[in-house]
Amino acid sequence: MSLISETSAARAGAEASSAERPIFNPVPLAIGSAAICIWYVLVRIYEQYFGWYAGLDSFTPEFQTYWMTILYIEEPVELISFLALVGYLWKTRDKDVANVAPREELRRIFNLLSWILVYAVAIYWGASFFTEQDGTWHQTVIRDNDFTPSHIIEFYMSYPMYIIVGVGGFMYARTRLPTFACKGWSVAYVLLFVGPFMIFPNVALNEWGHTFWFMEELFVAPLHWMFVFFGWFALAVFGVSLQVLGRVKELAEGAPIPAE
Amino acid sequence: MFRGKPTKAGPVTESISASPGIEGGAGASAPVRAADAGAADRSWPVTGTPFKNRAEATFLVSAADTLLLISLFLIVLGGYHIHAMLTMGDWDFWIDWKDRRFWPTVLPIVLVTFPAAAIYYFWEHFRLPFGATFCVLGLLVGEWINRYVNFWGWTYFPISLVWPTALVPMALFLDLVMLISGSWIITMIVGAMGWGLLLYPSNWPILAPYHLPMEREGLVMSLADLIGYEYVRTSMPEYIRIVERGTMRTFGKDVVPVAAFFSGFVSILVFFMWWYVGKLFSTTKYMAKI
């Protein structure tokens, strides 16, 4: 995927290869989006059955078997996945990112757009689908535990998943695109992944409040407003999109395009 | 550590400028062409064309627009939905919370936020007059999927109890004022006031039957109240339902217009602030280090 150019010969060979390949390959995007959606549909089916069957009383053995087991598995898997992804993207970084050929740069821009779209799909499932789902479950079923069936999916699965994808996209941009690697730190892109990321640590406030303050699940309670504050940072996609489109325009207008 | 070895150091600056207008580039009354994305500095060198021919260039530029538009829709959906459900959600979730006082007061005020920011982004940078409708459609997609798949599908509440508030007429009004006036100040004053005023009439056709009075075991209540009593929500008991409170009862049937006008007034102020929030998050600046 990446061009690791230790020598000018390697760079020249890579550029020759780059010129032949299509710029936009939709297959990784399709696989990434479909994998997330199919996975969450399966999760939703699991919730449907085991939420009512084993998710009502956290003191029962069934709860430990069918819900806490998921928590114990997903947390280390997410941490390992995060470290592996960051490590891979760093290890395979372009060490001469300032001198990427225009065609290869545009290809990487499309790879970044794919990262952002998969991030958007993950954001939808986490911030919209599973968060409002948490509302109906917790307003219906009495909570007796911080780790409820909806929380085990929402907080500890869907939020880490979009964080991992978001950090992955940011790392990709920082290590492979001159616009994001050489001009400094994009304020908008930092806000775009740090803001939604902070929703996850904010879970600590939420659980503290529901444990020591009040148990009712009034959704508009001030206890929940820090989630809102960090949700606002999703709007930083505006700045990121302007930076990406700006660079596409620069590439398109930087030199004459052959008619045929 | 991440930084490469540039042959030409690029300055830390904005690559895209906002269009000129009143309030320092925040929109203009006269029709002014929006600044093209990337029209400002060429701070990073372009050494040749990436395209084989014009057909490929046309396809790829359109593909980039499409990918970004879908991403924008889903990310704005997520951000707007989490904002909406945690600032006005209870009034939107349940029919017995859709009252004459708090529902028409709270919803427009907290929901004009993202549309104002999106109008800034789409209008100032692309001259596209659909920022509010774009946000509201995203929110409604997220809400309708949830009400069917989760409220009805998982916890078995009837859709008549949990339908989301209709918001499209309000958003269309806001966008139309922006399109016709070309002025964010006029949009703020006229559009945001209309945004507040239109909530109740937009929802009245579906809401009216639920506000009919009925008698149950000697008590007078609305049909919406009865549905709420029948479907007990154990972690959100009746004593925290925030409806029909306050001295506005003094005015009897006229509480909705008063609530709507107040809501429209505050929506104007919120629109003003969130126009600048949109500007803040549309930044194309770079930091030297974090």
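Every residue, even glycine, has its Cβ placed from backbone N, Cα and C.
Automatic prediction, not curation, is the source of TrEMBL annotations.
Copied over from TrEMBL:
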REGION    B:1-29  region 'Disordered'
TRANSMEM  B:59-82  transmembrane segment
TRANSMEM  B:102-123  transmembrane segment
TRANSMEM  B:128-145  transmembrane segment
TRANSMEM  B:151-169  transmembrane segment
TRANSMEM  B:176-198  transmembrane segment
TRANSMEM  B:255-277  transmembrane segment
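Ranked by number of Cβ pairs under 8 Å to the transmembrane segment (B:59-82), the listed stretches B:102-123, B:128-145, B:176-198 are led by B:128-145. Cβ atoms under 8 Å from those of the transmembrane segment (B:128-145) belong to residues 72-74, 76-78, 80-81, 84, 92, 111, 114-122, 164, 167-168, 170-172, 174-176, 178-179, 195 of the same chain, restricted to positions at least 6 beyond its ends. Listed by sequence, the residues of this chain that lie at least six past the ends of the transmembrane segment (B:102-123) yet keep a Cβ under 8 A from its Cβ atoms are 26-27, 34, 76, 79-80, 83-84, 87-88, 91-92, 129-132, 134-136, 139, 165, 167, 170-171, 174-175, 178, 184, 187-188, 192, 195-196, 199-200, 242-243, 245, 256, 259-260, 262-264, 266-267, 270-279, 281-282.
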